[in-house]
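Engineer: First, the structure itself, so that you have it in front of you.
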Amino acid sequence: MSNFASKFDSLKYSKLMLFACGITLFNSIRKTKLISLGLGFSFHMICLATIIIVSCCFYKYRSSFSAFTVITNAITLITWWAMFSKRNQIVRILHCLKKLGRVYKSKPILYFVRFSIFTVFSIIVIPSITSAIFIHLSSNNEGKCNECWFHIPSPVLKMAYNFLLQVSRQFVNWGFIYTVALFYSCTCLELNRIVCKLNKDIKQQEFYILREKKERYRNLVLTIMDFEDAMSFIILLVFCNCFNEFFRGLTQILFNPELNKSFRLLVLASFYFLGSGITFVTVVFTADNLQHNLAFLRRSMLETSELPNSSLPELLRCDLELLEDKDNIHLTAWGMFDVKKGLIITALASLISYGVILGQLKV
C-alpha cells in the first residue's frame with residue numbers, strides 16, 4: 001500500500017471523472033482537447049435529452065419525481081458551465097498547491113478517496129440495476145417514460161438497454177455533481193495538510209518565525225482566497241442539488257398517494273437522498289476543518305514575533321495583515337453563507353419544516 005499511496009494523487013479520480021464529462025483540469029495536448037470536446041458534447045446531449053423527455057413525462061403524468069429530475073438536470077448544466085468557465089483559474093490553483101508542497105503519502109486522504117469512489121459507484125450502479133429490474137416487471141403504461149421507443153424482442157436485451165440508459169443518466173446527473181463536491185473536498189484536505197504542516201513548523205520555533213514561513217503563509221492565504229473565488233458559486237449549486245434531492249426523497253416518502261405503483265421511484269429517491277446527504281456532510285466538514293485549522297495557524301503567527309532585525313512598521317504591517325485575514329478568509333457558497341458545521345443544523349431544520357408541510361398536505 002505504501003508504494004501505491006506514494007504515487008496516489010487524491011485529486012486524480014475527480015479530475016479524470018470531470019474529464020469524462022468534458023472538463024479538463026490538467027495540461028493537455030491538442031488530441032486530449034479534442035477528446036474533451038467530444039465528451040463535453042456527449043454530456044450535453046444526454047443531459048438535454050433527459051430534460052426534454054422527462055419534461056414530456058411530467059407534462060403527461062404530473063409526477064413530482066419528474067419535476068425534481070428536470071431541476072437536477074438544469075442544475076447540472078449550470079454547474080458544468082460554471083466549472084468550465086473557471087477551469088483556468090482552477091488549474092492555476094492546482095499549480096499553487098503543488099508549489100506549496102503537496103504530500104501524497106496520506107492514508108486518511110487515501111481512504112477518503114476510496115470511500116468516495118465506492119460511494120459514487122454504488123449510487124450510479126445500484127439504482128440503475130434497481131430501475132432496470134422494476135421497469136422489466138412493471139406494466140406497459142409505466143414504461144412509456146423510459147425511452148424505449150423501439151421494440152426489443154429479448155427481455156434480457158431490454159433490461160440491458162434500460163440499465164445502460166440509467167447508468168449514463170446517473171453518471172451525467174448525479175455522478176458529475178458528486179465529483180465536483182469530491183474535487184472541492186479533496187482540495188480542502190490538501191490545503192488543510194499544508195496548513196497543519198506549516199503550523200507544526202512554526203510551533204517548533206521558540207521565539208520567532210522565519211521570513212520563509214511568513215511568505216509561505218501569505219502564498220497559502222492567496223491560494224485559499226483564489227480557491228474561494230473560483231468555487232464559491234459552484235459549491236452553491238452543489239448545495240442546491242443536494243437540497244433538491246433531499247426534497248425529492250421526502251416528497252416520495254411522505255406525499256406519495258400511489259406508493260405501490262411507484263415503488264421504483266421511492267427506491268431511487270432514497271438512494272439519491274442518501275448520496276446527497278453524504279455529499280453535503282463531506283463538503284461541510286472538510287471546508288469547516290480547513291477554516292478551523294487556518295484560524296489556529298493565524299493565532300499562532302500573531303503570538304510569535306518576527307526576526308529580531310525586523311523594523312517596527314514591518315511588524316505592525318504583518319500583524320495587521322493577519323488580523324485582516326480573520327475577516328477576509330472564509331469558504332462560502334457564493335458569499336450567501338459560510339460553509340461551516342452550523343449549516344448542517346440549518347439543513348436539518350429546513351428538512352423537518354418541509355416534512356411537516358408535506359405531512360399537513362397529506363392529511
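Each residue, glycine too, has its Cβ placed from N, Cα and C.
According to TrEMBL, the protein has these features:
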TRANSMEM  41-61  transmembrane segment
TRANSMEM  67-84  transmembrane segment
TRANSMEM  109-135  transmembrane segment
TRANSMEM  171-196  transmembrane segment
TRANSMEM  217-239  transmembrane segment
TRANSMEM  265-290  transmembrane segment
TRANSMEM  342-361  transmembrane segment
Engineer: Can you tell me which parts of the same chain pack against the transmembrane segment (67-84), counting only residues 6+ beyond its ends and a CB-CB cutoff under 8 A?
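Structural biologist: Counting only partners 6 or more residues beyond its ends, the transmembrane segment (67-84) has Cβ contacts under 8 Å with 18, 21-23, 40, 43-44, 47-48, 50-51, 54-55, 58, 90, 172-174, 176-177, 180, 233-234, 237-238, 240-241, 244-245, 247-248, 251.
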Engineer: I'm a bit unsure how to read this: which one of 41-61, 109-135, 217-239, 342-361 has the highest number of Cβ pairs shorter than 8 Å with the transmembrane segment (265-290)?
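Structural biologist: Most Cβ pairs under 8 Å with the transmembrane segment (265-290) come from 109-135.
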Engineer: Go through the chain and flag residues at least 6 beyond the ends of the transmembrane segment (109-135) whose CB is under 8 A from any CB in it; none is fine as an answer.
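Structural biologist: Counting only partners 6 or more residues beyond its ends, the transmembrane segment (109-135) has Cβ contacts under 8 Å with 5, 8, 10, 13, 17, 142-143, 146, 159-160, 162-163, 166-167, 170-171, 174-175, 178-179, 182, 185-186, 189-190, 193, 263-264, 267-268, 271-272, 274-275, 278, 282.
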Engineer: Going along the chain, which residues at least six beyond the ends of the transmembrane segment (41-61) come within the CB cut-off of under 8 Å?
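Structural biologist: The answer is 21-22, 67, 69-70, 73-74, 76-77, 80, 144-145, 147, 168-169, 172-173, 176.
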Engineer: Can you work out which residues elsewhere in the same chain, 6+ from the ends of the transmembrane segment (217-239), have a Cβ less than 8 Å from its Cβ atoms?
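Structural biologist: Residues 75, 78-79, 82-83, 86, 89-90, 92-93, 96-97, 99-100, 177, 180-181, 184, 187, 191, 194-195, 198, 279-280, 283, 290, 294, 297, 301, 321, 325, 328-336, 339 contact the transmembrane segment (217-239) from elsewhere in the chain.
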